[in-house]
Amino acid sequence: MLLASLNASNELFSHLWATVLPEYITNTLLLALLVALLTLCFGVPAAALVSQTNLVMAKQLRWLLMLPLAMPAYLVAYLYTDLFDYAGPVQRSLRAWFGWQSPDDYYFFDIRTIGGAAIVIALVLFPYVYMLTRTAFEQQDRNLLRASRLLGCDQRQSFYQIALPLARPAIAVSLTLVVMETLADFATVQYFAVNTLTTAVYDTWLGYSDLAAANALASVLLLFILFVVVAEQRARAGQRHQSSRPNNQQQRKQLSIMQQLTASLFCWFLVLAGFLLPLVLLLIMVVDYADYSQFIALLSTGKNSIEIAFYSATIATIIALFLALFQRLHQSRSRKIPLQITSFGYAVPGTVLAMAMLATFGPIDHLINDLAKALDLKAPGLLLSGTVFAIVFAFVVRFSAIANGTINAGIGQIPKSLDFAPASLGVAMVPAIFRVHLPLLKSSILVAWLLVFVEAMKELPAVLLLRPFNFETLSTQVFQLISDERLEQGALGAVLIVLFGLLPIILLNRQKDSQ
Amino acid sequence: MTPLIKIKNLAVELQQKVILSQVNLSLAKGEILGLVGPSGCGKTTLLNTLAGFIDQNAGTITINTDAKAINISVDNMLPAEQRNIGMIFQDYALFPHLSVSDNIRFGLKKLAKTVQEKRCQELLNLLELADFAHRYPHQLSGGQQQRVAIARALAPQPSLLLLDEPFSNIDARLRHELMLEIRQLLKRLNMTAIFVTHNKDEVFTFADKIAVMDSGKVLQVGTPAEVCQQPNSWQVADFLQLGSWLPVALLSNGPAPSITSLLGNLEQQLINVGNVSLLDDSRHLQVLVQANAMSLSPTTSNNVIVEHISVTEQGYHYLLRSIIQDSPLAFRQLSFNSRELFALGTELAIKITAEHLLLYQAANETRNAE
């Protein structure tokens, strides 16, 4: 992709630079900044309230606050636009109550702006910050907080001087995740007509058919991502000091009635705005517009989605298994490198990845066709770049990190001595893997497969760019309907996407609880 | 003289379980008290209750500082930060995001900057940490981390210092040296301290006074010598491993009771613990025998077999079992020291040579049966 971007026609690129590119870059960075700030304001207080105070229903809010992660931002964007724009029920009611006649009579915020996009994206991404920060708070060594109390801090001071600074690395890691996801977002900004680098890549390729310029734009985006990845690595390095003595026994701060009320309002607002309200709106649509033809359409797109997700999950899991076993059982010092390289894929936005696939497989396809022609065979067409192969390949690259992480964590649980025990009993390495490691990794393999499957079901931008003609998946169909302002006809599919999105959250919650 | 700290009838319940009951202790200024007892006996809970991390359910804690007396009771709970008590945690609990000097200064925020600086410098010098002032905790060795923990706890000049198993993370060779060093430091500062350990050697080296706890109660308080020479119950003697147990039976009761064992009759030598009422129920009686309070007896017939041998710097330490095993007086692990080497399985004739023996009733039947 980087090489292909060098071919960018100078003319078009300088034209882009002179006209829209600065605006796109500014928008991208501004959006990332706003989302980071908002998720910080949403996630950190929510984490503190749930883990450190006697908030009413804290037990339920603990997991409820994670649910917005299941909600694709573009769905929220569509539903809230419906709800809050001039013709929507909120403004209609306001006008009816106050007797306003035209938009000049009152001020109402416009959701289809960069600020609106930031709010919508932050509403579904804040759980990253919430989750990692809450875990950090809960895992802090309670003796550190006790020590600060004995040295004269009251509860409040000890939170600000010890708990919060200690959670800083976790907050930083979660913010980098949020920024990565924001930079990768395509559908929300596209729907809100906020021009960012992802929409620019898409438009340049599908609008102007200029692959080279699209590659150049994707490279710029990749540069930003690289920057965030480095920041993330550095933040993780600072996480050395999380303790093994969970802090669940600490005295929780007793909230006054007013504080209790404000805190509850705040947390429930996040749950409602980020998950429950959009879900209810979707369900209403399903009930209102359900018909048989919709169901039939859903079946065929659903089948496509499941097929792609199935292949991707299976391949990614097998690769992850190989890499993890290689790292574990191979003695060389460089054994960790393959795993680290594949883990980088997750950071790459789907749009960028799709461009890279086109840049890689396009020339190979041409080569194959030229070869076929030279051999007097029938040209096979776009064998790699124009088929499902490219999508599955892109998914495997993008989601390998998830499978790797899960399987690696599982293999970490197996005591090192079990690697050596089979040999001492006369069993060679390969049979030992089948008889010892694989059975022990069974649940990790299942979880890894499921997580990749779900992510692949949800992924949108890469499919949009790579799909063969007339090939629809659940997410592309929903997105298409959103673009055409008729989600009603695909609401059932949207609900399915949300339900699939809930799976990993339930899994994650279970794992947390069993720890 | 008024004690610096006085604990009266202290009781703690956690999750409807009695963890501490009827705890009474007092400590003069400058004294070091060692709390010992088996795991789960409540010693760490007592420390945490004193510090203010756990609320008491009954009783009072009074701390008499130079300026005023602090009274802590169920009606008058004082948050940890207002008790003027310092603590050294088992894992030191150093703030990982602060440098050594910032850790030490952490409790001094209310003082003027110059005073903070001066006191921090003094402690850095006192604990030989001056070269590490700008390092972070993870850059220090275990021993250095402990010094920082001590300096940090001493900085606000607490009236009482609590130490939770302070030496458990230090490797065995350094431990003794460090214990002496810290003891000298506390003595020099006339600091009152309570420390928790399950290691009896630590308590004898480090403490002026020891309190033996079991099942949430304090069984005995006294100087190490007092407790060692006159353990007031079977549990105290057993936990401190002051000797091994020889099962005995009562032949005649009275002011000079006579008792018998598989090592022969033990007559006038015997000293009762003062718990005469126990002897009304004469089951499971045992006497405490120190390993060097026995000798080989050429005149009597063999009565024990060598079960285990270990080498000590003074010769050999043996575990002996009685030849007769089907008697209620049979034993399996009697400690015996000798400079002579005997092979495993050798039969020996042993007699008691001690002038004083302590008689107890074993805490439960299973232990007695051992």
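Any Cβ shown, glycine's included, is placed from N, Cα and C.
So that you can see what the record holds, here are the features copied from TrEMBL:
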- A:25-230: domain 'ABC transmembrane type-1' (DOMAIN)
- A:29-51: transmembrane segment (TRANSMEM)
- A:63-81: transmembrane segment (TRANSMEM)
- A:106-130: transmembrane segment (TRANSMEM)
- A:170-192: transmembrane segment (TRANSMEM)
- A:212-231: transmembrane segment (TRANSMEM)
- A:261-286: transmembrane segment (TRANSMEM)
- A:302-508: domain 'ABC transmembrane type-1' (DOMAIN)
- A:306-326: transmembrane segment (TRANSMEM)
- A:338-361: transmembrane segment (TRANSMEM)
- A:381-399: transmembrane segment (TRANSMEM)
- A:444-466: transmembrane segment (TRANSMEM)
- A:487-508: transmembrane segment (TRANSMEM)
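Counting Cβ pairs under 8 Å that are 6 or more residues apart, the transmembrane segment (A:487-508) and the transmembrane segment (A:306-326) reach fewer than 3 and are not in contact. Nonlocal intrachain contacts for the transmembrane segment (A:170-192), taken as residues 6+ away from its ends with a CB within less than 8 angstroms of a stretch CB, comprise 27-28, 31-32, 35-36, 39-40, 43-44, 72-74, 77-78, 81, 111-114, 116-117, 120-122, 125-126, 128-129, 131-133, 135-136, 198-199, 202, 221, 224-225, 228-229, 231-232, 235-236, 238-239, 347, 349-351, 460-461, 464, 479, 482-483.
Between the transmembrane segment (A:306-326) and the transmembrane segment (A:261-286), the number of CB pairs under 8 angstroms, six or more residues apart, is fewer than three, so the stretches are not in contact. Residues of the same chain lying 6 or more positions beyond the ends of the transmembrane segment (A:106-130) and with a Cβ under 8 Å from any Cβ of it are 27, 30-31, 34-35, 38-40, 42-44, 46-47, 50, 65-69, 71-73, 76-77, 80-81, 84-86, 91, 94-95, 98, 100, 171, 174-175, 177-178, 181-182, 185, 188-189, 192-194, 270, 273-274.
When Cβ-Cβ distances under 8 Å to the transmembrane segment (A:261-286) are tallied for each of A:29-51, A:212-231, A:381-399, A:444-466, the top count falls to A:29-51. Long-range contacts of the transmembrane segment (A:381-399) within its own chain (CB-CB distance under 8 A, at least 6 residues past either end) are made by residues 307-309, 311-313, 315-316, 319, 342, 345-346, 348, 350, 353-354, 357-358, 361-362, 364-365, 368-369, 451-452, 455-456, 459, 462-463, 466-468, 471. Counting residues 6+ beyond its ends, the transmembrane segment (A:338-361) has Cβ neighbours under 8 Å at 1, 3-4, 180, 183-184, 186, 198, 201-202, 205, 211, 214-215, 218, 221-222, 225, 228-229, 319-320, 323-324, 326-327, 384-385, 389-390, 393-394, 397-402, 404-405, 408, 459-466 in the same chain.
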